[in-house]
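Record features (TrEMBL):
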- GLU87: active site, proton donor/acceptor (ACT_SITE)
- CYS121: active site, acyl-thioester intermediate (ACT_SITE)
- HIS251: active site, proton donor/acceptor (ACT_SITE)
- SER213, LYS256, LYS260: CoA binding site (BINDING)
- 7-178: domain 'Hydroxymethylglutaryl-coenzyme A synthase N-terminal' (DOMAIN)
- 179-340: domain 'Hydroxymethylglutaryl-coenzyme A synthase C-terminal' (DOMAIN)
Amino acid sequence: MAPAAANNVGILALDIYFPPNCVQQEALEAHDGASKGKYTIGLGQDCMSFCSDVEDVISMSLTVVSTLLQKYEIDPKQIGRLEVGSETVIDKSKSIKSFLMQIFEKYGNTDIEGVDSTNACYGGTAALFNCVNWVESNSWDGRYGLVVCTDSAVYAEGPARPTGGAAAIAMLIGPDAPISFESKLRGSHMAHVYDFYKPDLASEYPVVDGKLSQTCYLMALDTCFKNFCQKYEKHEGKQFSLSDADYFVFHSPYNKLVQKSFARLVFSDFLRNPSSKDEVTNEKLGPFTTLSDDESYQSRDLEKASQQVAKPLYDEKVQPSTLIPKQVGNMYTASIYADICIPSSQQK
Ligand SMILES: CC(C)(COP(=O)(O)OP(=O)(O)OC[C@H]1O[C@@H](n2cnc3c(N)ncnc32)[C@H](O)[C@@H]1OP(=O)(O)O)[C@@H](O)C(=O)NCCC(=O)NCCS
C-alpha cells in the first residue's frame, strides 16, 4: 500500500563531522605575514579545519552517515534515497554516493535512489531539495531520505587561503520534521559567472576572484530575497518583513560575509518598506535609497551604515548560528547546514 501523503517534510535529525586538525587563524596571520587581526577580525574566523593525509571527503562522509544512523537508531534498510552534495572531485564518474553504499549493502539495501550534485556550494542545497521533493512526491515509498554535504576547501597560497575548511554533514529527511520546509516559498537565483571555478582537474585548488565572488553572492542574495518576498506575499496575502523571522542562517565561507549578507538584507528590507522603519534606520539608510543597484554593491559607506543598523538584530537572530563555521572554516556545500548544528552545550 502506498504511504499517505507526507506533510511538514524536512530535517528530522542531523550530524556533523569535521577533522580533528585545525590551524588557529591568529597563528596563520603570523605565518603569512598578514597584519594582526586580518583573519580573526577582518574575516571573522577563529580556526580552520583541514584533512590530514588519512582523511578525505569519502572517509568524512562514511563517518558522519554511520554516526547519524547509530545515534538516532535508524535501520539502514529504512533509507530509500541518498543524495550527496559536494564540489570536491574524487572521481570524474564514480559518485561519492556509491562509496557510501558500503554502509547499506551490508544490510542488503541496494534499493536507494539518488546521486551526487555538483555546483560549487549550491550542490548541498540541490541534494537537500531532491530529497525533500522525493518525500513530498508520488514516488515516495515511505522510507527516509538522507542528504550528505561534504567538502574539503583548500586554496592556493594567497588571500583566499585563510578561508578554507573541511567537514561532512548528514541530514535525515522525512515527514513531520522539527525543521520543515515551506516548499512553495523557495526563491532561487542562478547566473553564468566566472567568480569561482575549478578548471584544472589535476589541482584541488579553485580559481577564485574573491571580490567578484562577494558581489555575486550579495546580488544573488538580493534576488533570492525579492523572489521569496513575492512568493510570500502571494501565498500569505501580506508583506514579508525581517521581523517575521526568528532566525536567519547564511552560507558561511567566512563570518565577515555573513555579517555583510545580513546587513544587505536589512537594507533590502528597508528599501521595500521605508515607512515602517524607525527614525535611526531612516536617518542612517535614507541617504542611500537613490543609489543604483550597481552603485549600492560598491558603496563602502552603505556597507558600514547597514552593518551598524543591522548589529542588534544580527546579535539576536544570526550570531547564534555562527559558532561552528567560525571554528571550522568554509565547508562549501556543508557551510549553511553547519549553522543549524548547535552544540548541546549552547542549546537553550
Ligand atoms: C575574502 C577575500 C577576498 C579577502 O581577501 P583580501 O582581499 O586579502 O582581504 P581584504 O584586504 O579585503 O581584508 C578582508 C577584511 O579584513 C579587514 N582587515 C584587513 N586587515 C585587518 C586588520 N589588521 N585588522 C582588522 N581587520 C582587517 C579588511 O578591512 C576587510 O574587511 P571589510 O571587507 O569589512 O573591508 C579572500 O579571502 C578570498 O578571496 N576568499 C575566498 C572568497 C570566497 O570564499 N568566496 C565565496 C563567496 S560565496
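Residue positions begin at 1 at the first shown residue.
Yeah, the Cβs are placed from backbone N, Cα and C, and that goes for glycine too.
Here the features listed in TrEMBL are placed on the structure.
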residue	record	Cβ contacts under 8 Å, 6 or more apart
GLU87	active site, proton donor/acceptor	THR118, ASN119, ALA120, CYS121, GLY123, ASP151, LYS198, TYR332, THR333
SER213	CoA binding site	ASP195, PHE196
HIS251	active site, proton donor/acceptor	CYS121, TYR217, LEU257, SER261, SER335, ILE336
LYS256	CoA binding site	GLY42, LEU43, GLY44
LYS260	CoA binding site	GLN214, LEU218, GLU303, GLN307
Secondary structure of CYS121 (active site, acyl-thioester intermediate) (DSSP, helix/strand/coil): strand
Where the C-beta lies under 6 angstroms from ligand 1, the matching recorded positions among GLU87, SER213, LYS260: SER213
Near-site residues: CoA, ref SER213, LYS256, LYS260, CB cutoff 8 A to centroid: GLN214, TYR217, LEU218, PRO253, TYR254, LEU257, SER261
